[in-house]
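TrEMBL lists Asn17, Gln50, Asn68, Gly78, Asn79, Asn152, Asn185, Glu203, Arg204, Gly213, Thr214 with the feature substrate binding site. If you look up TrEMBL, you'll see Cys77 marked as active site, proton donor. TrEMBL lists Cys77 with the feature active site. Taken from TrEMBL, the feature active site, proton acceptor applies to Cys212.
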Amino acid sequence: MASGAPFRFHKMHGLGNDFVVIDARESAVAMDAARARAIADRREGIGCDQLVLIEPSATADAKITFFNADGSLAESCGNASRCIAQLLGGESRVETAGGVIALIAEGEGATVDMGAPRFDWDAIPLAYPVDTAVLPVAWDELEAPIAVNVGNPHAIFFVPDTDAVALDRLGPLIEHDALFPERVNVNVATIESPQRLRLRVWERGAGLTRACGTGACATAVAAIRSGRAHSPVTVALPGGELVIAWAPGGTIRMTGPAAHVFTGEARGL
Ligand SMILES: N[C@@H](CCC[C@H](N)C(=O)O)C(=O)O
């Protein structure tokens, strides 16, 4: 599908991680990888890190599909979920490929219950059985990551200084490593105190972004589980801050802002 019928969209962002959101609950909008890639293209399309499609759901208030800028599908997207919370208003439950999540719109942001993290090697997924608390692998100075699935797959590296890591070079190598059969989001984090960490993320299918909500969730969970941090954890990303609360055995709650930039109509995409 090269292009399709005109559609209305919302341009939104969460901490600078930006989205084209199409509300197709009342009139269907056909979407596939090629069309999503064309819309996400920053030179010839509208431009975004993720395209988000809202459709009717038989089991929840809406069904949400996340496409990365490269056209690939993502099971989950934390920052976009807060934007959806703002669009739907109040309290809602939405169906995603990563599971049903609960949204609460609050002022100019939202709190999202992202569900429970998973740690089994085949739930990440990894290519072979290994201890996900310390993966026995290294890429230059990035070594022994922790793997966590929060709907989507993440590898987390704790490093002395996130800014010193060449994430633009190492991110794509790790994302495409054969250890991760569905590719992976790459997080580099520095613990500043037991309740605050700094984070940069190379996103699967989108590259370096200003912020990644699921990356913040996965990293906070990895920090708490490994005794590096205590809940709630403030995660400082290049685009701003999120607060993540989690206790072992429970679900992850993410709180942060969501911004509506403009509403537009697209033709020829
Ligand atoms: N921006 C996101 C994550 C989007 C999906 C990710 N790139 C993937 O492929 O898993 C967020 O805020 O969580």
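Using N, Cα and C of the backbone, Cβ positions are placed for all residues, glycine too.
Because TrEMBL annotations are produced automatically, they should be read as predictions rather than curated entries.
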Taking the Cα atoms as reference points, how far is the residue listed as 'active site, proton acceptor' from Asn79 (substrate binding site) in Å?
6
Taking 8 Å from the centroid of the Cβ atoms of Asn17, Gln50, Asn68, Gly78, Asn79, Asn152, Asn185, Glu203, Arg204, Gly213, Thr214 as the cut-off, which other residues in that chain fall inside it around the substrate site?
Asp49, Phe66, Ala74, Ser76, Cys77, Ala80, Val201, Ala206, Thr209, Cys212, Gly215
Measuring Cα to Cα, how far is Asn68 (substrate binding site) from Cys77 (active site, proton donor) in Å?
10
Helix, strand or coil at Thr214 (substrate binding site), per DSSP?
helix
Where among the active-site residues Cys77, Cys212 do you find the Cβ with the fewest other Cβ atoms within 10 Å?
Cys77
Any idea of the Cα spread of the substrate site, Asn17, Gln50, Asn68, Gly78, Asn79, Asn152, Asn185, Glu203, Arg204, Gly213, Thr214, as a max distance in Å?
17
Of Asn17, Asn185, Arg204, Thr214, which is closest to the residue listed as 'active site, proton donor' if I measure between C-alpha atoms? They're all binding-site residues.
Thr214
Around Asn68 (substrate binding site), how many other CB atoms lie within 10 A of its CB?
23
